[in-house]
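K.L.:
Handing you this structure, nothing more for now.
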Amino acid sequence: TRSRFLYYLFSLGTELGNELFYILFFPFCIWNLDAWLGRRLIIIWVWVMYLGQCTKDVIRWPRPASPPVVKLEVFYNSEYSMPSTHAMSGTAIPLALLLLSYGRWQYPLMFGLILAFCWCSLVCCSRIYMGMHSILDVIAGFLYAILILIVFHPVVDLIDNFNLTYKYAPLIIISLHLALGIFSFTLDTWSTSRGDTAQILGCGAGVACGSHVNYIMGLKLDPPPNTLPLSLSSLTVTVFGKAILRLLIGVIVLLLTKVAMKKATIPLACKIFRIPHDDVRKARQRMEVELPYRYITYGMVGFSLMFIVPCLFHFIGLS
């Protein structure tokens, strides 16, 4: 059926697993709501996406054949299909949000359950509607995300504490994330998955390092313990205006960081590995260029999100 409403609804569902959503959702959560919650969501998201992408590369199932499937999206078509990482992220983020925020924030449990159900259903159904996944891919992604949550939710406090307080945490995090990126990929043909994985690992490392620097310098982003449980009741025009302004200024800084780092790292990687960079697109598909450029660029984006932008807010009186 050619329903415009369904097309736009499921396009929105697909966006809930894309970069545009992440670059708005995580910063909004950290700068305006609760940095404690934001950091933990990112830790879970990194592991869910990393394990999902690696599993795709091991199983190597192709996307649904077209025809009979009509593909309404082609961006991720070069990636393997099983499991659906959109379904994994669309399951893990709302469920982790519910698990981490209930009791810390004051809201009815039913509201949280309905939000998680609608979010998860919208993302999962969108992948089938868009022709990018089979029902089996989506169910596997959903169950896999729940399994990862069962393992990681109990240790997320330990991981966050380690990131903040352990003296050599940045060194260990950077090394671990780099190693995971280098050793996890042996692609037979180029696809978007290797770059996306490096991007996710880089972002996770940057956020963890930024959190560590905040802690060392005594920049307190977390709400003080005496304000818990937090409530959403006092929403005024001033509070809303400040939140939107923070998001606007902060996201512009993140996008400028991304553009500047991309411009610097691609030619540098080409120079180091002696790869001709007259065709940048071709050069970017080489592992020696793709991994460092994505890792460093998104590492700096994550670091800016956690440390540089909050410092800027502090400086201009927006914190």
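Backbone N, Cα and C atoms are what each Cβ position is placed from, and that goes for glycine too.
According to TrEMBL, the protein carries these features:
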- 39-153: domain 'Phosphatidic acid phosphatase type 2/haloperoxidase' (DOMAIN)
- 109-129: transmembrane segment (TRANSMEM)
- 136-156: transmembrane segment (TRANSMEM)
- 168-187: transmembrane segment (TRANSMEM)
- 199-217: transmembrane segment (TRANSMEM)
- 237-256: transmembrane segment (TRANSMEM)
- 295-316: transmembrane segment (TRANSMEM)
K.L.:
Hey, would you say the transmembrane segment (199-217) packs against the transmembrane segment (237-256), going by three or more CB pairs under 8 A that are 6+ residues apart?
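P.N.:
Counting Cβ pairs under 8 Å (6 or more apart in sequence), the transmembrane segment (199-217) does not reach the transmembrane segment (237-256), since there are fewer than 3.
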K.L.:
Can you tell me how the residues of the domain 'Phosphatidic acid phosphatase type 2/haloperoxidase' (39-153) break down into helix, strand and coil by DSSP?
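P.N.:
Going through the domain 'Phosphatidic acid phosphatase type 2/haloperoxidase' (39-153) residue by residue, I get 78 helix, 2 strand, 35 coil.
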K.L.:
For the transmembrane segment (168-187), what are the same-chain contacts with Cβ under 8 Å, counting residues 6+ beyond its ends?
P.N.:
50, 53-54, 57, 162, 193-194, 197-198, 201-202, 204-205, 208-209, 212-213, 287, 291, 295, 299
K.L.:
Give the nonlocal contacts of the transmembrane segment (237-256) in its own chain as ranges (CB under 8 Å, at least six residues past its ends).
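P.N.:
Here the qualifying positions are 23-24, 27-28, 31-32, 301, 304-305, 308-309, 312-313, 316, 318.
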K.L.:
For the domain 'Phosphatidic acid phosphatase type 2/haloperoxidase' (39-153), what's the model's average pLDDT?
P.N.:
79
